[in-house]
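As annotated by Swiss-Prot, Mg(2+) binding site applies to Asp493, Asp499, with the evidence given as sequence analysis. What Swiss-Prot lists as domain 'KH' is 560-619. Among the features that Swiss-Prot reports, domain 'S1 motif' is placed at 629-697.
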Amino acid sequence: MSMFNKVVKEFQWGQHKVRLETGEVARQASGAVIVDVEDTVVLATVVGAKSAKPGQDFFPLTVDYLEKTYSAGKIPGGFFRREGRPSEHETLTSRLIDRPLRPLFPEGFYNEVQVVIHVLSVNPEIPADIPALIGASAALAVSGLPFNGPVGAARVAYIDNAYVLNPTRDQLKASSLDLVVAGTERAVLMVESEADQLSEEVMLGAVVFGHEQMQIAIDAIHELVRDGGKPEWDWQPAPKNEALIARVTELAQNDLLAAYQLRDKQARSAKLKEVYAATSAKLEEDALAAGTVAADKATVGNVLFDIEAKIVRSQILNGEPRIDGRDTRTVRPIEIRTGVLPRTHGSALFTRGETQALVVATLGTKGDEQIIDALEGEYRERFMLHYNMPPFATGETGRVGSPKRREIGHGRLAKRALVKCLPSADEFGYSIRVVSEITESNGSSSMASVCGGCLALMDAGVPMKAHVAGIAMGLILEGNKFAVLTDILGDEDHLGDMDFKVAGTEQGVTALQMDIKIQGITKEIMQVALAQAKEGRLHILGKMTSAVSGANTQLSEFAPRMITVKINPEKIRDVIGKGGSVIRALTEETGTTIDISDDGVVTIASTSSEGMAEAKKRIEQITAEIEVGQVYEGTVLKLLDFGAIVNLLPGKDGLLHISEIVNERVKDINDYLKEGQQVKVKVIQTDEKGRVRLSAKALLNEAAAAAQSDTPPQQ
């Protein structure tokens, strides 16, 4: 009899066979599930603390997605030959898994929960993110933790006007859409996508298609729980302190109402801090007078937050102005300035209300491309977008250093929004880096990065296919009443039920990200949100087009210029030289950057046109073929008894025999030639071994004959 209580569920999911198993591996975790999708295998584990830490006032969920190089049959690079800090892809996938799971834990559950997913085996054609999300959901479901799942997930492509479920990597290359959707049986919770200017109808159809198809995975998880799940935790939320809620409401409600009449963010924040402090102080006085212990500040803060949420939500649903005085459809005032930094290649300052992004574009060569060593193989990225939000952007102090998960995620969203509108490498051979520095933030800084990024690229002279703008939408839903909010503020994001970011052009959507905090968002509500987002996006695009009609026709004087030279691929080694000696000397002496592709295309880049011309000339000389009948101005390298060695081109010498110097007999070659002397010679013979014979007297004879016939000699 086996020592394992192993449970396996298999199902066909689109073009792939999926296997879920639990009960054999990682049995000491609260829950553990292995997911196998056509040889891409992940182990998802969950551990939940049995009790919350004293004073805990938030839900401490961590999700770590870890790729092991052995899964692809590789040994890690680096001195230690082991996996190090998470890659950008691992960080983004961790966020992708976290986002649909977090809303499904019950309110008031503050026990620490850690979800860890290890990628154990990789089929290069099957991305591991969907198996990882399914595995994390299944591990939570079998663990017995209080979790309102399970969650399903699916990737959707759009190929030849048809949706494709969980496409392979090859299929994705031919797709105009890469969309990941996650949700429960009843509702969509998360969407992440990149698209090639698709309509809102196609995008919504993909979300609905993915939600329908994920039900197969959800059913399989239910079966796994039925046969291999652990007993459900006996957890109940702490009873609400109705007396405290009533007293806090009595003390603070009117002051909170007054605070939310202030339209300026900083004034409003200052007033809210006063209300919080005054309420806590009054409660401490009450406790002292009654001889009891006052409620801790975290508990009081949660009650105050709930009152704030009710105030803001009810005002919006009743048709009253929003926090900053706008109606539900108005975009905040926009100011645009380009060329703001004198020596950068392209720059823009994009301000929308109290959100501001200073965005800079830099052009580089092929050598500046990012080399990514992924499990499925090494590849290069010619477009990079990095997002930074320092603490001063929100008027706070804090840590400054390497990017946090949020910054990496916002940068990737902005990159997704812009990448489909960039020119191809054939049309514009530069590598491109965009950096968005958020200098002010009050909602939707990632979408400000999209707008500013597009403007900075155009300022740098990048011929974008179209202007790209982004907008963040919000939602308030109570029963049958709902309101979709255009261009949400930070407070509206915290107090609302949905964060919905849409970026695109006049033609269609290029990126869509959706995070829904509640269940019950219908297709109709998403339809309204998408239509309202399009209205807002077109408004912003109008402002951007008025400010910058198109890309600059001239690159910055500080940007590198590029020219290309086509050489025989067999000559590449001559240009590179032994140990790179030739190309190294070329780049150092001409001040250029030189990249050579396998097909013989040489790209020369420099800010100096003279340096580029010199590098091009020398490369052409190195790769030139010596032809019989050609005349060269050569340099005497060495004198021999029977002639001279003459250098014609870099690395190419020929023999000028003593009998070919002049017509008369030469007794001493030193009477006619010296080492270092420039001499004009004609190629009279080459052989299969590459040996070259030269003649100077042939040119003398031609000159004499030409003089007699008045025909100019060969030059």
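Backbone N, Cα and C define each Cβ position, glycine as well.
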- Across the domain 'S1 motif' (629-697), DSSP yields 7 helix, 36 strand, 26 coil
- Counting each residue once, how many in the domain 'KH' (560-619) are helix, strand and coil under DSSP? 32 helix, 16 strand, 12 coil
- Task: May I ask you to report the DSSP-based helix, strand or coil state of Asp493 (Mg(2+) binding site)?
- Result: helix
- Task: Could you check what DSSP calls Asp499 (Mg(2+) binding site) once collapsed to helix, strand or coil?
- Result: strand
